[in-house]
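Structure first, then comments.
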């Protein structure tokens, strides 16, 4: 068997998340079904499992295929079976593990105050976010290594809730005629819905609905003020570092 590394992008609006689902509507379901149609039976491992509605620009996968498959032939056969909602960007033969070998993961979140067309609604979140300075002040609280037990969705079990965030900041830009705030958060790994809970906390602070002290208390597992993640549609798994 040969091990392959695949880089894909996908539209999270068409899936119930990355992980396999009982109704077969997960990204993993689609990829494994496409491989199975080619006679390849393999579990597909992802660098990170995104939630329902979350997109990916550069998700990384690892899987195995029989030796008669090479990267060029497999790319040619597999890419059309994934389209249009999953795009196979790159495929190479590489002996690695997509999840365990990943060193850092970068997420981006797009948020605008006024969405001018419904056609962008699945891809840019809409809502007030206060001031850019306040957002960056709040984001700074999350850098470093912390126990993120109170920044994960219920049911997101893990044996080790400690994660390191290397960089977290926000900036403004225009995307298809919309002024947006783009959040960028880079960490070694993230718990379930952790990125969206972090961004929600920062937005609520910027809107003066919570204080920095309340954010710090939640980071230190003293009290959970933010329990509901910000909407999923603005979030993108942007890059995985190896």
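Placed from the backbone N, Cα and C atoms, the Cβ positions cover glycine too.
Residue 51 (active site, nucleophile) has a Cβ environment of 20 other Cβ atoms inside 10 Å. According to DSSP, residue 51 (active site, nucleophile) is assigned to coil rather than to any helix or strand. Taken from Swiss-Prot, the feature active site, nucleophile applies to 51.
Within 10 Å of the C-beta atom of residue 107 (substrate binding site) sit 26 other C-beta atoms, taking all shown protein chains into account. Residues or ranges marked as substrate binding site in Swiss-Prot (evidence: sequence analysis): 107.
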To the nearest Å, how far is the Cα of residue 51 (active site, nucleophile) from the Cα of residue 107 (substrate binding site)? 13
